[in-house]
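Peer 1: The structure's right below; bear with me while I get my questions together.
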C-alpha cells in the first residue's frame with residue numbers, strides 16, 4: 001500500500017519542480033570607462049529551457065555600442081518529455097490507488113486487472129528510465145549553459161584584460177536536482193508495483 005501512495009507523491013515532486021522552475025543569473029561588466037559599465041546584467045530563464053531564445057544585451061566597452069547575445073542550447077524536448085511522463089504516471093498511479101483501495105475484489109476476480117496493471121507499469125517503467133536519462137543529460141546541459149563563467153566567455157568586452165567581468169550570483173538549481181531524484185524514486189516505486197502485479201495475477 002505504501003508504494004501506491006508514494007508513487008503519485010514522487011511524480012508530483014518530479015513534474016512540479018521541473019515544470020514550475022524559473023531561475024536566473026546576474027553578471028557585471030566593469031569597463032575602463034565607468035560610464036559604459038553595467039554592473040547588473042540580469043538573465044532569466046525558465047521551463048521548458050529553450051535557452052537559445054533567452055536574449056540579453058551587454059556593453060562592449062567601446063562607446064555606447066551594445067552586444068546582443070543569447071544563451072546556448074535547447075533542452076526543451078527532454079524537459080517536456082519528462083514532465084509529460086510524470087503527469088501521466090501521476091494520473092495512472094492515482095487511478096491505481098483508487099482501484100487497489102475500493103475495488104480490490106474486482107481487481108483479483110480474474111487475470112485481466114493484474115495483466116493490464118503489469119503491462120501499463122512496464123511501459124511507464126521504461127518511459128521513466130528514458131525520461132530520467134534524457135532529463136539528467138538535459139539538466140547537465142542547462143547547468144553548463146547558465147554557468148556565469150560560460151556566459152561571460154560569450155561577451156566581447158570580457159576578452160579585454162582591462163575590463164572586469166564577474167558573476168554577481170548564479171542560478172539556484174536545487175529544485176531541478178530534486179526533480180531528477182524524485183524521478184528516480186518514482187521509477188523505483190513503479191518497478192515494485194510491476195513485481196506486485198506479477199505476483200497478484202501472472
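Cβ coordinates are placed from backbone N, Cα and C, and glycine is handled just like the others.
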Peer 1: Look up transmembrane segment in TrEMBL and report which of 58-80, 81-103, 150-172 it refers to.
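Peer 2: Based on what TrEMBL states, transmembrane segment spans 81-103.
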Peer 1: Select from 115-136, 181-202 the stretch of residues annotated by TrEMBL as transmembrane segment.
Peer 2: 115-136
